[in-house]
Amino acid sequence: MRRHGFVAGFLLLPVALYLVFVISPYAQAFQIALTDWRGVSAGLNYVGLDNFRRLFGNDAFWQAIRNHAVLLVALPLATIALALAFAYLLNAQGGVKGSGFYRVVFFLPQVLAVAVVGVLFKAVYRPDSSGVLNGALMKVGLEPAGWLTDQRLALWSIIAVMVWQAVGFYVVLFSAGMAAIPKDVFEAAALDGAGRLTLFFRITLPLIWDTVQVGWIYLGIAAFDAFALVNVLSIEQGGPDGATTVLATEIYKNAFGYSRFGYASAMGVALFFLTLTFAAVTMRVTRRERIVY
Amino acid sequence: MRRRLFGGLSQAVLAVWALLIIGPLIWTLLASFKSNSEIFGDALQLPGELRWDNWLRAWEKANVGTYLLNTVVVVFFGVLGTMLLSSMAAYVLARYRFPGNRAIYFLFVSGMAFPVFLALVPLFFVVDGLGLLNSHVGLVLVYIAYSLPFTVFFLTSFFRGLPDAVAEAAMMDGASHTRTFFQIMLPMAKPGLVSLTIFNVLGQWNQYLLPLVLLPGDKNKWVITQGIADISTIAGYEADWPALFAALSMTVLPVVVAYIVFQRHIQSGLTSGAVK
């Protein structure tokens, strides 16, 4: 009997807190998505799938989806490629000189707040010679670029910051995987005359494939967020002219800017199903035979 | 020969990336000592003198002192609550059999599958309905609630891996369940607790969305991420860019120092989640 009291006592507070602040909002979101609620009326007025119909006819929504598609491909690809290369260089032949230092430096952006990083890069990207990038460009006689104001550049400038911040995490992750591969596997292959590239693609990569897959999912989920960076870094929160907008930004704007709570919730539901689909598809596509060593 | 070439080339590649990381940070630090005209002049120039008054203005006029203090308070109680409640729940879920155990475990774990943006609108009204909008208590409770899924998931597997014999021996000696937990099992789980504490401190320290939504009014209650984003907008109007860079430096510097001191723990703490 005392045992049951103990179990219940230990679970009461965490479960209660979790139900109130996490589960109930998630459940309500699906409900509010079916209403035209604007936050003032006491009752909910159900409008069926109206919000979703409006959503699918809305340009801003599709612009955000297009941006997510770009993010979803570019962010993992660039981050994983760089991280794999750096991790390989750091681990080759028992590690290059100063590998400890590089590991510390590369990981550093990971501990900085995204919002703070956004403000920092806003200064780096400034359009005239007072921005680091354009200052350097003009020094060598090139035209300054509108990193955040040019429609074609803005999203890429933001992706670059995301990659800048993320790479170090995956270097550490992949390094751990690479360090776990027994040395004699490499020695045997090298004796057979395999070059460095062959070693990388035929041995290292297949053996840490599981970790790469985990990294891909993490970065994919990050590609569905991007809120803090877009909100702080881009001009007009998602601009110029929607060029950098993401679903999270649209949800925030519609809810807390225009009080369109029903519509914003519908967008949240769409985001949820997109994330879920991504996770399911990735798991299926990247599943491979696990190599035991 | 080829080996030397490869070594040199990899050094060059790694050094370039290191420079790309450190460069913007050093530049921010230098800019915090510049005057307004120096900031809008050549970006690659050093400051003429060390203008500490920029830092003073950032600390007092731009409220960075208040923002940092608020963040420390919120994160302290947020992480303390997260670790206490998560380890209690995880311990019971990992080591006691009772009806509903699996269901509660999956309830917690499923929280990891939902994007927080889905909950945003109702969460705002739940917090508002409890009268906790614009309060640190509200923010702390929400931080705890949203840190539970991952922390419980991780700690449950950790507690499952601990040996049974010690706990059984303590119970034989007449220790209560509660005492066994706090005096025997919690100390044994220390490595896991350390990793997750670091993970949660960083996550909550860097949180931007939740304070933005839940502390919209009173500026004196804001946390640092909100404050910095706001200062960057104000700097545009009032043209006090040196204070913005000083504020940025003040925010980044303690984090960098803490990171350098604890980097081993931090790296393993953050990546352990991915490996599991």
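The backbone N, Cα and C atoms fix where each Cβ goes, glycine too.
Automated prediction, rather than curation, is the source of TrEMBL annotations.
Over in TrEMBL, the protein carries these features:
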DOMAIN    B:68-262  domain 'ABC transmembrane type-1'
TRANSMEM  B:12-33  transmembrane segment
TRANSMEM  B:67-93  transmembrane segment
TRANSMEM  B:105-125  transmembrane segment
TRANSMEM  B:137-159  transmembrane segment
TRANSMEM  B:180-202  transmembrane segment
TRANSMEM  B:241-262  transmembrane segment
Sort out for me which stretch, of B:12-33, B:105-125, B:137-159, B:180-202, has the most Cβ pairs below 8 angstroms to the transmembrane segment (B:241-262). B:12-33
Considering only Cβ pairs under 8 Å, which range in B:12-33, B:67-93, B:105-125, B:180-202 makes the most contacts with the transmembrane segment (B:137-159)? B:67-93
Distant-in-sequence neighbours of the transmembrane segment (B:180-202), which means Cβ under 8 A and at least six residues beyond its ends: 75, 78-79, 82-83, 86-88, 91, 147, 150-151, 154-155, 158-159, 162, 166-167, 170-171, 262, 265-266, 268-270, 272-273
